[in-house]
Amino acid sequence: MNTHSAISELIAPWLELTDPKLAALVITHLELDSRLIKSGDTFVAIQGHAVDGRQFIDKAIAQGANLVLAEADAQHLNGWVEYRAGVPVIYLAELGQHLSELAGRLYGGHHNQLIGVTGTNGKTTITQLIAQWLELLGHKAAVMGTTGNGFLNALEPAANTTGNALQIQATLRDLAERGAQYTALETSSHGLVQGRVKKLHFVAGVFSNLSRDHLDYHGTMEAYAAAKFSLFSEHACQNAIINVDDAVGAQWVKQLPQAIGVSLVTKPNTAQAIWAREVAYAESGITLNFESSWGEGELHAPLIGEFNACNLLLALATLLSLGFEKSALLATAPKLRPVLGRMELFQREQKAKMVVDYAHTPDALEKALRALRVHCAGQLWAIVGCGGDRDRGKRPMMAAIAEQFADRVILTDDNPRSESPQAIVADMVAGLTYPERAHIEHHRFQAASYALQHAGAQDIILLAGKGHEDYQVLANETIHYSDRETAQQLLELQP
């Protein structure tokens, strides 16, 4: 990536440097993590949510940083400059609040058009459907989110759904230099609240739904909803595409007069809209007859589940809002493919079907089980766990949903982290009406094996919670584990 800027230009909005030698220093790369510093990098030291980066200034310099930008405090006021081992450290007030703009001034200036997708569930599917559709229409498109960053056939792993502000701007610049005309970003509530996408300009923003998640961070559903809404209210967002079947979305469109409403149920009362007249679900996919501000049509795509019908409509509305032809979109829709680890079907004759899905919230689990019930001629199995060191309140809810919408329930582990797996499952069992009917097997592979051994050929087994993930986080280690590989191995399928 070929980027460079004089420090005086980069920090001009916040500080004027009077030392000409210092002002002429050139920045080529910004880095928040001292462990990743390479020779010539600029270390950005801020007061983080968990760690104070200023504690690692000396380490970053030892690693080769040629300049440090540090968050000002009572001891080091805005504009204060000190030298450590001959390396200048410049202190800036509220540096953490300016990261997105700072990175944009270094990495910006590209023509990569950005689409932000927010919501509790569906972000990964919607971003990847949009990117797939754009590629089918001849436009090079990338994604950034849970399953990785980059082009769909070569995603690079990402640590978080929404990376830090510096990573996002640098990645967008890199993708643009590699030919990306569009990038669809999953914009998490954490990323929005922490200002990681603050200075990005979105040609479209999409809201999928809101249900219980991340309350260990946000505290209340109201705060969680406000975080999501900020994509439309506090960020540069040209088009707002809102699922009005969601109660929160129905309220939001009243505050967004130019919003595009999307519904599987009824015609939205919005300036522009798209809504389903009839939806047919089959194992071969979804057929959706719709009306819209762009005319009526019929869409067929090889995805399953009511929520995927909604995801398809949201993706379609997004691309229509950007000026793409309806006829071209409908003609290419049958070539869309399910997303890795999202309602992904594994099957073999005379065996129960196994479906891997990322559903790890009560709402997502219910939707996944409801979707599979339509296709299940036998018994529906749910293999479900809950993460450790996360929202304990949803554990009994997850178990209750599994009991209500599945015929057979197996409680298992899903990244127990530092917590006791037995304690996590005990929290889940508290939500069961008939706990004696549930089977407990902490090892996920053994849980899936048990289900397949006891399931009939007409049964469907849902492995919920991990989706694309290929690891299990335990107390002191992270081990390799994949539900997808488990399904392939148990059904003796070629990977």
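We count from 1, first residue shown onward.
Quick reminder: no glycine exception, Cβ is built from N, Cα and C everywhere.
Since this is a predicted model, take the numbers as computed values, not measurements.
Among the candidates R370, R373, R390, the residue that Swiss-Prot names alongside D414, N415, P416, R417, G465, E469 for the meso-2,6-diaminopimelate site is R390. Taking R417 (meso-2,6-diaminopimelate binding site) as the reference point, none of the recorded positions G119, N121, T124, K228 has a C-alpha atom within 10 Å of its C-alpha. Comparing K123 (ATP binding site) with E469 (meso-2,6-diaminopimelate binding site), their Cα atoms are 16 Å apart once rounded.
Apart from G119, T120, N121, G122, K123, T124, T125, the residues listed for ATP, the same chain places the Cβ atoms of V117, I126, E186, S208, N209, N311 within 8 Å of the centroid of those Cβ atoms.
In this structure the residues listed as binding meso-2,6-diaminopimelate are R390, D414, N415, P416, R417, G465, E469; their two most distant Cα atoms lie 17 Å apart. Looking only at the recorded positions G119, T120, T124, T125, K228, the one with its C-alpha closest to P416 (meso-2,6-diaminopimelate binding site) is T120.
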